[in-house]
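Accompanying notes for the structure given below.
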């Protein structure tokens, strides 16, 4: 009999019902035909998708998309592919792309593990961002955490030599786990001695700034592909 816990572990998300506002639904209806990429189990040519040769950065789980849009706007020489399954976030980021007139950002609403397995070529990415993934803070739910060895192994294969993997979390025990998992991958090396300072390209969110004022920590982990 197949282990149901393993079936859960290979997905990159747990689907939660989120209510789309009318504006988010409209933005998604108008935006996804322009900026969305449909899931197909075949390798895509990222240069063809974006219409140019430029560094390609993948973000898994962009939430409401505010930081993603800000990063794309501040780094027009890079191309960004964001993956998120929850409708309100996808709709909100479509709205931000339109408002900021971004041309270097594309979206997918699909399970990131399937996209990695079937659509992204090995050595095709210059960077991967996973910012503030669900911490699943109850111990019995820790197995649902996204950043675990099987996913990191997949991501390492998709990175070019010298490409980077950047994770950030505000849960210390998850930060410890992330560091352990990444240290355990022979293809990756830490860019810092333990945790890294927040790079300029990752914007400080309002939530994060408020937490820092209250004395809460945020941990950035940045590794490079050997």
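For all residues, glycine too, the Cβ spot is worked out from N, Cα and C.
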- request: Quick one: which of 47, 59, 172 does Swiss-Prot put in the S-adenosyl-L-methionine site with 84, 111, 134?
  value: 59
- prompt: When Swiss-Prot marks a stretch as region 'Interaction with RNA', which of 140-145, 146-151, 152-157 is it?
  reply: 140-145
Statement: Integer Å value for the Cα distance linking residue 206 (substrate binding site) with residue 111 (S-adenosyl-L-methionine binding site) is 27
Query: Which one of the binding-site residues (84, 111, 170) has its C-beta surrounded by the most other C-beta atoms within 10 angstroms?
result: 84
- prompt: In terms of Cα spacing, which of the binding-site residues 205, 207, 208 are within 10 angstroms of residue 134 (S-adenosyl-L-methionine binding site)?
  reply: none
- prompt: By a simple count, how many Cβ atoms lie within 10 Å of the Cβ of residue 138 (substrate binding site), its own Cβ left out?
  reply: 8
- line: Listed in sequence order, the residues of the same chain lying six or more positions from residue 59 (S-adenosyl-L-methionine binding site) whose CB sits under 8 Å from its CB are 68, 80, 81, 82, 83, 128, 129, 130, 131
